[in-house]
Amino acid sequence: MEELTAFVSKSFDQKVKEKKEAITYREVLESGPLRGAKEPGCVEPGRDDRSSPAVRAAGGGGGAGGGGGGGGGGGGGAGGGGAGGGAGGGRSPVRELDMGAAERSREPGSPRLTEVSPELKDRKDDAKGMEDEGQTKIKQRRSRTNFTLEQLNELERLFDETHYPDAFMREELSQRLGLSEARVQVWFQNRRAKCRKQENQLHKGVLIGAASQFEACRVAPYVNVGALRMPFQQDSHCNVTPLSFQVQAQLQLDSAVAHAHHHLHPHLAAHAPYMMFPAPPFGLPLATLAADSASAASVVAAAAAAKTTSKNSSIADLRLKAKKHAAALGL
């Protein structure tokens, strides 16, 4: 017990010495508010959380010394406790302001009210970037160029001369028409695409029309040839024998295939041998052969006339379409 009392008294003596070395409340009042703001050791001893460790130790020692003064050995502690109590008794507004300034200057790592967290900064930067992207997308919208009639005429005239004008021609035309070279280049690209599309449509239309004329010739040898007769031949050849009818059908198919082979698309030449029938057998009467050849000639003539009429009509249709297109363009 005596050892414990000696240890406590020794610790109290050390704390009293530290307190004497610290700045007292009276010295702070005499020195003014500036000294209290500059020196961190001038804070109030009675505060627990916001005071320095040395001052907290001095205040605690004074309180403990005041409580154990009856045990003998805490006289200095009692005096320190009284000083601490007197120091913590009265507070002035100036003192509180000085303590707030000292705390802000003493704790540089504490968060300030003016500082912004990094997450909030990142969010603001992301929102700003999204707004900038939206503005750039709106600005990148292309505006359609409205060409005048004179500009279209000049462009069409140069397109008739060449479909691929060089840079010098485009620059000269752009200066003459008051357009940019990029606009002229884009117009020629669109015009070439439109021209290719029209050519493909016309080519497909001609092929479909020509193939529909000779659709009856594209049959296999085992198909019933009786169904391939022309309507105008049914009444005139009712009294023909079955053998002569077979010969006539063979001649008709041979002539039609030969005509299609020479005038239709070249890729049908490979299929022509499969369309032909074997030659008529020998030993038939000459009158029958002559009648069959005459009927075959009439069939060939009718097919040629139908082809010529269809060709003329297709050319007329193309010319009419060209006139309509020119009228639509305002040429």
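Positions of Cβ are set from backbone N, Cα and C atoms, glycine also.
Taken from Swiss-Prot, the feature DNA-binding region applies to 140-199, supported by sequence analysis. For the DNA-binding region (140-199), the number of residues in each DSSP class (helix H, G, I; strand E, B; coil) is 43 helix, 0 strand, 17 coil.
The feature compositional bias 'Gly residues' is assigned by Swiss-Prot to 58-91.
Per Swiss-Prot, the feature compositional bias 'Basic and acidic residues' maps to 93-109 (among others).
Residues annotated as compositional bias 'Basic and acidic residues' in Swiss-Prot: 118-136 (among others).
The feature region 'Disordered' is assigned by Swiss-Prot to 1-20 (among others).
Among the features that Swiss-Prot reports, region 'Disordered' is placed at 26-140 (among others).
Note on the motif 'OAR' (313-326): mean pLDDT across this stretch is 81. Annotation comment: Swiss-Prot describes 313-326 as motif 'OAR', evidence class sequence analysis.
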Just give the helix, strand and coil counts over the region 'Disordered' (1-20), going by DSSP. 19 helix, 0 strand, 1 coil
